[in-house]
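Per TrEMBL, the features are as follows:
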type    : residues                     : note
BINDING : Cys39, Asp41, His102, Cys105 : Zn(2+) binding site
Amino acid sequence: MDRILRGIMKYRQTDRKKMVEQFEVVRNRPEPKAVFFTCMDSRMIPTRFTETNVGDMFVVRNAGNLIPHSQHFLDEATTNEPAALELGCIINDIRHIIVCGHSDCKAMNLLHSLQCQEFSSQKNRRISPLRAWLSAHAYSSLTKFQQLEVSGYHKPLIFQAETPMRKFVAYIDPEDKFSVTDKLSQVNCLQQLQNIASYGFLKRRLERHELHIHALWFDIYTGDIYYFSRQNKRFVDINEVTFNMLEKEVLKYYS
Ligand SMILES: [Zn+2]
């Protein structure tokens with residue numbers, strides 16, 4: 001806590017004045033560009049690695065960057081994530097949703113261990129909210145990952161995006177650069193696109209191409225960030241060589 005208090009003191013002397021000025025601009029002219037879902041991991045600082053600022057994004061964070069499927073939204077009982085989707089996409093009319101996973105994700109490592117029946121037993125789920133959260137909301141990612149595992153990580157997977165008709169093909173880590181749990185993390189990231197699209201209150205916007213869903217993946221070890229390119233059917237490193245191609249794809253399909 002001392003570190004935080006000292007940080008606040010430093011902020012008062014450095015960024016505070018500029019931020020308050022920015023708050024006023026945003027209050028008068030709010031134009032947020034994206035709802036950004038990412039993991040709560042302390043290494044993930046999305047506003048820094050996207051160079052975004054006050055007013056640019058609504059950021060939602062949890063263990064494993066999950067968006068529970070709408071089948072869990074029953075009789076008013078909900079989690080934070082769908083409420084955040086409504087606040088962002090309906091009330092604030094944001095047109096892009098981004099799900100950003102990352103390498104060395106502790107939640108994904110734990111999800112991988114949930115394949116062990118003893119580890120994921122009801123007794124253990126009852127004493128571990130994290131295991132319960134992942135069992136309830138990331139099991140579909142694990143099932144998808146198992147399809148990949150069976151094929152020796154070679155065959156592509158098929159995911160659904162904005163509507164049931166808009167399916168896309170994904171080759172996961174075709175160059176075999178990442179660990180098994182990092183591959184799971186990439187699968188999990190793409191699985192969330194389908195979960196987002198399961199909400200009825202987003203349906204019309206998704207069908208009319210007024211709302212788009214994207215996946216990013218952050219490699220903690222190198223600092224590289226990947227965009228899932230549906231054209232290239234894989235996560236593509238965003239860099240000086242690929243930028244023009246990716247920008248073209250984004251402007252063509254999602255503007
Ligand atoms: Zn994580």
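Using N, Cα and C of the backbone, Cβ positions are placed for all residues, glycine too.
TrEMBL does not curate its annotations; it predicts them automatically.
Counting Cβ atoms from all protein chains shown, Cys105 (Zn(2+) binding site) has 26 others lying within 10 Å of its own Cβ. A sphere of 10 angstroms centred on the C-beta of His102 (Zn(2+) binding site) encloses 23 other C-beta atoms. Taken residue by residue with DSSP, Asp41 (Zn(2+) binding site) is part of neither helix nor strand, so it is coil.
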